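Asks: One structure follows; several queries about it will come next.
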Amino acid sequence: MTEDNAQLRRTWNDLAEKVRYHRDRYYNEQPEIPDADFDALFKQLQQLEEDHPELAVPDSPTMVVGAPVAEQSSFDNVEHLERMLSLDNVFDEQELRDWLGRTPAKQYLTELKIDGLSIDLVYRNGQLERAATRGDGRVGEDITANARVIEDIPHQLQGTDEYPVPAVLEIRGEVFITVEDFPEVNAQRIADGGKPFANPRNAAAGSLRQKNIEDVKKRRLRMISHGIGFTEGFSPASQHDAYLALAAWGLPTSPYTEAVTDPEDVVKKVSYWADHRHDALHEMDGLVIKVDDIASQRALGSTSRAPRWAIAYKYPPEEVTTKLLDIQVGVGRTGRVTPFAVMEPVLVAGSTVSMATLHNQSEVKRKGVLIGDTVVIRKAGEVIPEVLGPVVELRDGTEREYIFPTLCPECGTRLAPAKADDVDWRCPNMQSCPGQLSTRLTYLAGRGAFDIEALGEKGAEDLIRTGILLDESGLFDLTEDDLLSSNVYTTNAGKVNASGKKLLDNLQKSKQTDLWRVLVALSIRHVGPTAARALAGRYHSIQALIDAPLEELSETDGVGTIIAQSFKDWFEVDWHKAIVDKWAAAGVTMEEEVGEVAEQTLEGLTIVVTGGLEGFTRDSVKEAIISRGGKASGSVSKKTDYVVIGENAGSKATKAEELGLRILDEAGFVRLLNTGSADE
């Protein structure tokens, strides 16, 4: 063997060992690295074997499925009737198109790839005989007792004339915990003295392997069927037909499965779910594409680990590892000092991030992160990236503890908690701390307040740092002469630029706005858009709000004691009142005419609107609901009363159907607004 070949073999051995190790950890509930890091290792090993076929051996990790049942498992081993294969993955559009080109079909099925735990069910003459984990694809753990307490798994299949129950039926499915149930499952676990689960997948995996049946019952496990194994007396012509039969027998199938004939539509489905992955009732990390026709599936066959007739498109990871370079703090608009991680840039959930929140110093200690650690970060959708914790095994002794500052990094004021048991430390210098002032300016310029388009983060910081504004009270008195000292709103020649002129124009127009937006812009702690709408809707002027007794304020729907007290406390401060006085003198809305109060036809109702409506904008439909006493919610749950479906409605419509909620079109919604009833 040449030196080059020897080096290649060493590289292969190293990669194969890492893949085997992390695969075993994953399938036996002790993952050390995010899925994306494992996928990258696996793909690297696959590529090495493709480039050097002589390296591949029959027991290579690229040739096997899952992982052997752990030696310390407390469950009995059980053989699957038919091998339980895995899926090959693609990670970008070109790889998907290549697979579609190699795998032509009259029809494909697209299904969400549930991020849960695989399960194998065997029914004989309709009776549930046993349930097992995937294991290594041939042998899994016998978890029949636990499966019997999952409500979605029927003990007895119900046959029909069209779909008689077969003599033997092996079902493949996925066990999971819904996104909605996960916080409550964690709350129960903490109440029972346990540590919270990191994510729903870990919760499902840990729950399914519990020996205590009562603990399993608490975990709200769900199951969706996504395939068949061995059968006797059942020969469907297509995957779609198989799903119809499963549903008829009482086995749950995915509400998100769709039939597609054009490969271009497959690509579009991948793109759609990339943008809507958080609309599903469960966590998902990809889209599975299957050839629908079962005769074609048989003709295509499978490799030693995966069928050739199916592929999983994996979305960009939401959990990855990177290096924690430093921990710094930022000062928010209410004085809250928040630590954040400065990291080596890393691609996560489709975007490159180099900073992530650490919430507060208690969280830094609880998570046990050290500067210099390799850390796991998570970014879900538009949520700010968060550090989940360190990879302790990768520490080399150079890491160091983070010391939380005692002084504000923006103004030097001594930090303190607002009250004794507060986990957040704050800078009490609210009046003149530049960090607080600039973030308050940015906030009041947002769409939820004055909507001042020309006043962004850089502009706000510039107005404060240059001394053009001492606080927000002078914002509406700004002139072109004031802006001549700006670095953002002037040209190189020292004249006010287009952005500066736009800022002054925006300020004039934003003076006449809704009263609730003015309340939001004041940055009163706890007073967000919902409370502001409620207060403005009841009192109609700033002065009436100031004069209202605390108890009366707290009785306002959507307000309560904490918000009411915070409101009262804010107006006890002289410089706060000076802001309101200067804005009023500049012509900012301080009261609004009391128009005809809309009939409270939606009082006590929670309504979700999904998709576009012809007669409403997004803001106006929300206003229509709130002004009639209803709650405009952004998520569908069992507590939702109505779901209004418009053009291009997303998966919220599907979830509403699954939960059996009342669904309305636009005409029904208008009837509900006008009469309190959606019936014709």
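From the backbone N, Cα and C atoms, a Cβ is placed for every residue, glycine too.
Pasting the relevant annotations from Swiss-Prot:
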BINDING   Asp35, Ala36, Asp37, Phe38, Asp39, Ser86, Leu87, Glu111, Arg134, Glu174, Lys290, Lys314  NAD(+) binding site
ACT_SITE  Lys113  active site, N6-AMP-lysine intermediate
BINDING   Cys408, Cys411, Cys427, Cys433  Zn(2+) binding site
DOMAIN    597-680  domain 'BRCT'
Asks: Mind checking which of Leu87, Cys408, Cys427, Cys433 has the fewest other CB atoms within 10 A of its CB? They're the binding-site residues.
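Replies: Counting other Cβ atoms within 10 Å of each of the binding-site residues Leu87, Cys408, Cys427, Cys433, the minimum falls on Leu87.
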Asks: Within the domain 'BRCT' (597-680), how many residues are helix, strand or coil going by DSSP?
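Replies: Counting residues by DSSP class gives 29 helix, 17 strand, 38 coil.
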Asks: How big is the Cα-to-Cα gap, in Å, between Lys290 (NAD(+) binding site) and Cys427 (Zn(2+) binding site)?
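Replies: Cα-Cα, rounded: 57 Å.
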Asks: Let me know how many other Cβ atoms fall within 10 Å of the Cβ of Asp39 (NAD(+) binding site).
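Replies: I count 15 other Cβ atoms within 10 Å of it.
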Asks: Would you mind checking how many other C-beta atoms are within 10 angstroms of the C-beta on Lys113 (active site, N6-AMP-lysine intermediate)?
Replies: 22
Asks: Considering only the recorded positions Asp39, Lys113, Arg134, which residue has the minimal Cα-Cα separation from Cys411 (Zn(2+) binding site)?
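Replies: Comparing Cα positions, the closest of these recorded positions turns out to be Asp39.
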Asks: Fewest neighbouring Cβ atoms within 10 Å: which of the binding-site residues Asp37, Cys411?
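Replies: Among the binding-site residues Asp37, Cys411, the sparsest Cβ neighbourhood within 10 Å belongs to Cys411.
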Asks: Please name which of the recorded positions listed here, Asp37, Asp39, Leu87, Lys113, Arg134, is nearest in space to Cys408 (Zn(2+) binding site), Cα against Cα.
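Replies: Answer for the nearest of the recorded positions: Asp37.
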Asks: Sequence order is fine: just name those recorded positions in Lys113, Cys427, Cys433 with a Cα within 10 angstroms of Arg134 (NAD(+) binding site).
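Replies: The recorded positions close to Arg134 (NAD(+) binding site) (Cα within 10 Å) - there are none.
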Asks: I'd like to confirm something. Which of the recorded positions, Asp37, Asp39, Leu87, Lys113, has a Cα closest to the Cα of Cys427 (Zn(2+) binding site)?
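Replies: Closest by Cα distance to Cys427 (Zn(2+) binding site) among the recorded positions Asp37, Asp39, Leu87, Lys113: Asp37.
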Asks: Could you check which of the recorded positions (Asp37, Asp39, Lys113) sits closest to Cys433 (Zn(2+) binding site), going Cα to Cα?
Replies: Asp37
Asks: Quick one: Cα separation, Asp37 (NAD(+) binding site) versus the residue listed as 'active site, N6-AMP-lysine intermediate', in Å?
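Replies: Here the two Cα atoms lie 18 Å apart.
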Asks: Centre the Cβ atoms of Cys408, Cys411, Cys427, Cys433, go out 8 Å, and tell me which other residues of that chain have a Cβ in range of the Zn(2+) site.
Replies: Val331, Gly335, Pro409, Glu410, Gly412, Thr413, Pro428, Asn429, Pro434, Gly435, Gln436
Asks: Whole-number Å distance between the CA of Leu87 (NAD(+) binding site) and the CA of Lys113 (active site, N6-AMP-lysine intermediate)?
Replies: 10
Asks: What three-state class does DSSP give Asp37 (NAD(+) binding site)?
Replies: helix
